[in-house]
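A short write-up of the structure that comes next.
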Amino acid sequence: MTLLWIPLLSLIGSIISSMTGKLTRNQSTSLSLLMPFIALCITISFAPAVFSGEEVRETISWIPLLGINIAFRLDGLALLFVFMIITIGILVIFYARYYLSSKDSMPKLYSYLMLFMTAMLGIVMSNNVIQLWFFWELTSISSFLLISYWWYKSEARKGAIMALTITGGGGLALLAGLLIISNIVGSYSLDVILASRELIQSHNLYEVALILVLLGAFTKSAQFPFHFWLPHAMAAPTPVSAYLHSATMVKAGIFLLARFYPALAGTDIWFIIVSLTGMTTLLFGAYVALFKHDLKGLLAYSTISHLGLITLLFGLNTELATVAAIFHIINHATFKASLFMATGIIDHETGTRDMRKINGMWRYMPYTATLAMVAAASMAGVPLLNGFLSKEMFFAETLHQQLLGSMSWIIPVLATIAGAFSVAYSARFIHDVFFNGDPIDLPKEPSEPPRYMRVPIEILVALCLLVGIFPNFIVDDILTSASFAVLGGYVPEFKVSLWHGFNLPLLMSAFAVTGGLFMYTQRRHLFTFQASLPPLNAKKAFDNSIYVMIKWCQRKIGAIENGSLQRYLMLMFLIVLLGAGWPLFEMHELVGTKELTPVSMHSAVGAALLMIGAISTVIWYRTRMVSLLMISVVGLMVSVAFTRFSAPDLALTQLTVEVVTIVLLMLALFFLPQRSPKESSSMRIIRDISISAGLGIVVGSICYALITRPFESISNFFIANAKTGGGGTNVVNVILVDFRGFDTLGEICVLGIAALGISKLLINLPLFMPGSDSEGRPWARERYPILLASISQSLLPLALLVSVYIFLRGHNLPGGGFIAGLITAIAFILQYIAHGSNWISERLTINYRKIIASGLAIALLTGVGSWFFGRPFMTTWFDYFDIPFIGNIELASALVFDLGVYITVVGATLMILAHLGELTANAPKEEVNI
Amino acid sequence: MIQHLTSLPVLLPMLAGILLLMPPCGKNQSLRRFVSVTLSVVTFLISIVLLLKVQADGTQVYAIGDWSAPFGIVLVADPLSTLLTSLTALLGIVCVLYASAGDDAKGSFFHPLVHFLIFGVNGAFLTGDAFNLFVFFEVLLIASYALLMHGGDKKNTRAALQYVIMNLVGSAVFLIALGVLYGVLGTLNMADMAQKVGLLQGDDVYLAKIGGLLLLVVFALKGALLPLHLWLPNTYATAIPIVAALFAIMTKVGVYSMMRVYTLIFGDDAGELAHMAQDWLWWLALATIVMGAVGVLASQDLRKLIANLVIVSVGTLVALVTVQTVEASSAAIYYLVHSTLVTAALFILADLIGRQRGKVADRITVGTPVSQPKLLGTCFIIAAVAVIGMPPLSGFIGKVWLLKSTVNYEYSFIFWPLYLLASLAVLFAVSKAGSTVFWHHQTKFEGKVTDNRSPERIQQERVQPAELAALLILIVSAPLMSIFAGPLSEYAIDAATQLHDFNNNINIILSGDQ
């Protein structure tokens, strides 16, 4: 389990340091350093084994069914990276102790830094590609947090979002690529994937997978044209830049190239994409770096350029080039980290990073200057320093390739030019900052930094020198074992040494150095030339394209979701038309085999009235009262139709529902304008008529097709069992309260909730109340016609009696709780109409909320009652009793359930009525007759 | 009691709704809150017990009224439906707990309505009967409509009206569809319907197809699938956020119904009608993802943004459901749970953030800073990482899983790029929104902001303990779903396997064999 501890310790460190807010800076720093230090010791303990060619593995099961496990492995490549990540991490943490001002939160920075370290360690040690992606994306998140450390600065926020978007986008591509590769080899294990080179490369998805993986690598490693996030990530504090842009974040992409080298490299497409991207980035970065006035900007582009160099080396498809690439990874990490730190000191001491202001620093901080100059010389590739060695190898490898056929000579030439640029910007870094006259109005008086702030730089610069002078002694082991891992178990003969004799690479180096120095001396011309070029601002382009895209999205959304209910409904109807109409055309025969019954006169007249009612409703929809009356005709005809076709229960229900809804609608209409303006254009009317006619035709055809076909259904079961199983002869009612009583329970709930909802909507709702009708006529003087009042009062007991009768007989004859409830409600509605709501509310102080609740409770508890007899919910019970004076009657639990239905219906209807009525009752003027 | 367990996730919320309307809960607010929260917790626990029982003993069929299928209504508790009832109940707890801090007093009947809504949703999840499904759709529709108007203003009432009219039309279509299906098949029990669909002859096939397609229209409307999604963004963005959070489950009801009906009734064994409209659904789902992503980028306030995230997740879910394999369905199940929880969390956060930012509320623009940046910021980052689908939280597993499950599907070459680009859009929009809302302040000087609000006001706007508890329930689910992804994936795969096991489902439901 020791391997697991390496990332785990760093994660623990992240958590610990986030809690050091109360401690002093020194305490916080030393506590934060502890965990990575232990992790480093563990790493070192593994080194001998790895150097001897072993690969250490550990696996913990996580989501075995998906093949996703926590799997770590440590081979030469991983060891190299782990070593770099932790060492430079420790140095950066130490450095940040002196860099951060007292206003900045140290625990936050440390915590994020170590979270980032964890993510990086996870990437390089993963043995499962999903886990690799997991940590890959974790670096995106943690780098977002690090770059936005100074969140109140606009450029920090923007830089962080840009980095996250670009690298996150690349991450998504990477995920897709990894999944495709895993699907090809049938495993998420890196071990398996790396061993399946032929399988992967012969698969027809190889190109797709390769491009996706490379997208991930290139975005992370800031390769052209995805490079532009990197300079903007410089808004982060300098320690963060030193960490992210030397050894970690950007190296993750490079690591990916190295990691998948055994499985993906070696093909033409790999060479074309990787080497061309690398070459472009190398040249572009080196060129732009020269013109940056911001110290960190210069380093940023130099980083881009060096990353391009490493990418190019991987793209060359030769073993030695790969070794050179790995070597340069190490060298770049050391000199770039130290340069960033030196820049941080200069920034810290002078208060600016503008090279046009910072001049002549040699006088103020000679010690720091020496360190920075050594590191910069290494960056330029000056002999005796590590940068020289890997650059020399790079030049040599550009000579050995034959990839462009007869035009292969172009690669070394371009490499030399890029080398010259890198000498030029290194020269600028040294000369401009440390010499070149006097500083120009600096915000601060510069001096040497605190003693210990220089320590990390000293260590790194010492490494640059040691590696540069004694390459074999220092890096041989680790370079060999890393190359061994990348090349898949084969290391070419290579010899890293200072002196290879007079040869072509040395000549190229010489050209690069002299050319670079010459360029620097002639920089004025170059700067004028550069200034005359059209400004190329990738950030602006990025921002603009985002802006354009968002505006486009907003326009589209605004146009589509325009809030028009008509449009939404039209879409809905069109889809219904399509869904229901299309299969109709596939049918061979619409009419079924059943014989048609002859049309009687009554039916014909009824159907005609129904149609007239429906059409009139639409024609007069702008005169709402007329329209409402026409709807009632429709309703009435439907109930007549039910009677005609022997469905008395339905007819009764329809009739009572009709009465209640029409009255309630009339009440509602009172608050609405009585006429609505003409709003539809003629085109719109044609469109709407077509849609509705289409729907009518389709639904009508479907109905016709259905009723002309023989029909077999479960209804026979209901008819057979209604009496014996449900204890009632009215099958409809038995279905409602027994067979499908659960539906009824749901529906009365709907009714109850509707009443609650309406009450909720209407409470305290201020509504305009017209004082007259639409023609300007005042409402009738006689608010409550005496005749109606007296008749309705005498009707009330009668109506109640009827409803009781209808209720009781429901189980065997047409009727039941629902209908009875509506009849009761209608009786009360009549009272409201006749006397006004004030009159009623004085006499009838009923809490409808409680009524509804108790109705529902009765229904529910009746259902629950069957539990006590060991039966499922709503199992009914009935029996026949001989009761004195009354005779033999049936008692059924369904009747109690029906009582619940009855009460709910009454409560809900009256609640709605009362609330609508109350609205008018509170009118400031004299009470309005409703 | 134990033999009635299957009915309890449905009946308990209804009982809760009734109790909360009755004395003494009807008048006494603090008692009502207490009872509401307690009962929601009980509902959740009962759902979990049922889930465990189903896991131990297999699918449970409960014949209401002792009338067995196909004649009576049966409730069917299988791994999928119990998972979803548990999820609903959990959201219920969050909702009533959060609202108890004050939102419930913005209108009447909040608590009973929430429980009635859960009644409807759980009923829809558990029922094995097509008409009963309609009834529960009605219950949840009417309850959701009432809740939408809670604490509402003009804008919100307008959106709610559109919602209810669209859904009423939907109900009418649902009825027509059921009428057609009953007319052809002569039965309403879904398993029985499934059996009969395969035996249809001649033109009856097309009539059944009409019924099936119309059902699909209804489910697509509920689930907010393009082009029937138009009601959603405004409705969700203008409802009070805690209601919107609860509604995170509502679109899932549509998706779930699609899953049920199109694997059982019109699944592999439906003869000529097997997987009808699958192509249509697939392309519409992809279009929904694109539309959602466009909406996400266009959003100018947090709630609208989250509403559009819901649309993206609906598109993703429907795409997965359409693939009709165990792998894709299991990915869908995991993703469904994840997206529901994280969307709800985001809605709650949008509410808290909006409250603390004063006039700018939840608009994604420069404004007053929130008064509890650490708490809200941390929660927001967690929810954002989860919704974007980045490691280490649940979204990442959902993303990997759904891509993995479609890797061999013939149309993945178009699904993957679309989905990944949509993910990128979400990544950009959410990170932009977060950094603007939390970091971009009106007056900025080295991180210190002058705040002219009175201390009392700030105190008032602080996150209340009940709200914090509700928020944390949702927030911790993201890491938990990731840590316990092992057992969860096992569960989801099991649920999906049973969902696709046609014969077994039919046998269990129709004969009670287990």
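Glycine is treated like the rest: Cβ placed from N, Cα and C.
Per TrEMBL, the feature domain 'NADH-Ubiquinone oxidoreductase (complex I) chain 5 N-terminal' maps to A:66-106. Feature annotation from TrEMBL assigns transmembrane segment to A:71-97, A:133-152, A:205-230, A:242-263, A:269-291, A:298-316, A:452-474, A:502-520, A:604-621, A:685-707, A:784-807, A:889-916 (among others). What TrEMBL lists as domain 'NADH:quinone oxidoreductase/Mrp antiporter transmembrane' is A:126-401. The domain 'MrpA C-terminal/MbhD' annotation in TrEMBL covers A:609-674. What TrEMBL lists as domain 'MrpA C-terminal/MbhE' is A:683-776. If you look up TrEMBL, you'll see A:788-910 marked as domain 'Na+/H+ antiporter MnhB subunit-related protein'.
Between the domain 'MrpA C-terminal/MbhD' (A:609-674) and the domain 'NADH-Ubiquinone oxidoreductase (complex I) chain 5 N-terminal' (A:66-106), fewer than three CB pairs separated by 6 or more residues in sequence fall under 8 Å, so the two stretches do not touch. Sorting the domain 'MrpA C-terminal/MbhE' (A:683-776) by DSSP state (H, G, I as helix; E, B as strand; all else coil) yields 68 helix, 1 strand, 25 coil. Among residues of the same chain six or more beyond the transmembrane segment (A:205-230), those with a C-beta under 8 A of the stretch's C-beta atoms are 136, 139, 159, 162-163, 165-167, 169-171, 173-178, 180-181, 184, 245, 249-254, 256-257, 260, 264, 267, 269-270, 273-274, 277-278, 280-281, 284-285, 300, 303-304, 307-308, 311, 538-539, 542.
Here the transmembrane segment (A:452-474) does not touch the transmembrane segment (A:242-263). Their Cβ atoms form fewer than 3 pairs under 8 Å, with each pair 6 or more residues apart.
A Cβ distance under 8 Å defines the sequence-distant neighbours of the domain 'NADH-Ubiquinone oxidoreductase (complex I) chain 5 N-terminal' (A:66-106), meaning residues of its chain 6+ beyond its ends; these are 3-4, 6-7, 10, 20-21, 25-26, 28-29, 32-33, 36-37, 39-40, 43, 46-47, 50-51, 55-60, 113-114, 117, 120-121, 124-128, 130-131, 149-150, 182, 187-191, 237-240, 242-243, 246-248, 251, 255, 258-259, 326, 329-330, 333, 337, 341, 344, 348, 449-450, 452-453, 455-457, 459-460, 478-486. Counting same-chain residues at least six beyond the ends of the transmembrane segment (A:502-520), those with a Cβ under 8 angstroms from any Cβ of the stretch are 290, 380-382, 388, 391-393, 395-396, 399, 412, 415-417, 419-424, 426-428, 431, 526. For the domain 'Na+/H+ antiporter MnhB subunit-related protein' (A:788-910), DSSP puts the residue distribution at 89 helix, 12 strand, 22 coil. Over the domain 'MrpA C-terminal/MbhE' (A:683-776), the average per-residue pLDDT in this prediction is 84.
Mapped onto DSSP classes, the domain 'MrpA C-terminal/MbhD' (A:609-674) shows 55 helix, 1 strand, 10 coil.
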